[in-house]
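There's a structure below that I have some questions on.
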Amino acid sequence: SREQPIFSTRAHVFQIDPNTKKNWVPTSKHAVTVSYFYDSTRNVYRIISLDGSKAIINSTITPNMTFTKTSQKFGQWADSRANTVYGLGFSSEHHLSKFADKFQEFKEAARLAKEKSQEKMELTSTPSQESAGGDIQSPLTPESINGTDDERATPEVTQNSEPRAEPTQNALPFTHSSTISKHWEAELATLKGNNAKLTAALLESTANVKQWKQQLAAYQEEAERLHKRVTELECVSSQANAVHTHKTELNQTIQELESTLKKKEEEIERLKQEIDNARELQAQRDSLTQKLQEVEIRNKDLEGQLSDLEQRLEKSQNEQEAFRNNLKTLLEILDGKIFELTELRDNLAKLIECS
């Protein structure tokens, strides 16, 4: 994936109520991982959080955004693209400050990247491209709002509570079973990480495809308008020389637009391929999850067998202990009998000597 996580933390996620614009609505039942991602291809920073397979935060950081601390453990920022305000409740003031510092750092990086991009566009643009692109607007103009005083209100949900810890599994007494379980737990953790990246890539790919389609439609309309204009100019015979010059410029602009259309179509095909690959990886994750469930069932069977063996061993030990006690009793009786026989022998020997 071209996006890599550069900072992660855990927090309770909220969104502002779209109806009242005052109350907070929790979007996660418990504390979830919230990560900063960097897209090296598009040179943008994003905040992404997943609750299972559902993306509850997918926010691109722009220079106009502001992260506001509304309490010791709660902060918020507005995202005009998503048309909402996000809120995060942290377990401590330290985690909130760390997240806020990262937000400011990546916001400044986004501002510098935007300035460099604008300078590059100014240097590489031509008069014909500026005139042709004047009527074409990107469907996603990066604007941001900072939220009203009502939106900055402290949420009614208590933010000072500690995040609920995930339940831990009891260690298996059987060594082989424990090794297998740890292996599959590691596999599942890796799959969850891959699933988060794939889900983010799918969301971005879907948004990019929609954006490319809108731009393609705009380019096609512009091409049709230019073709009509060329036809009109060709009908004006009195201005043949001017028409010829203008026609050459328009044809060049049309070629540039057609080249751009072709590139966008290739980009759409590439995004479709990425989506297919993501679905294939999702199927592999489901298969490995099923295998993990089968291993867990096998572990339970082995635990039952181990418990049965322990019971049988305890029973055998009790029987051996009883057998030892019986042998000890017999030895004591035998010692007594031997002693009596010895006395009897001595008495018989004395009688023989006396007679």
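Glycine is treated like the rest: Cβ placed from N, Cα and C.
Curation plays no part in TrEMBL annotations; they are all automatic predictions.
The following feature annotations were taken from TrEMBL:
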- 202-333: coiled coil (COILED)
- 138-147: compositional bias 'Polar residues' (COMPBIAS)
- 156-173: compositional bias 'Polar residues' (COMPBIAS)
- 1-110: domain 'WH1' (DOMAIN)
- 114-173: region 'Disordered' (REGION)
I'd like the per-state residue tally for the domain 'WH1' (1-110) from DSSP, helix first, then strand, then coil.
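Each residue of the domain 'WH1' (1-110) counted once, the result is 18 helix, 54 strand, 38 coil.
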Just to confirm my parser: what is the rounded mean pLDDT across the domain 'WH1' (1-110)?
91
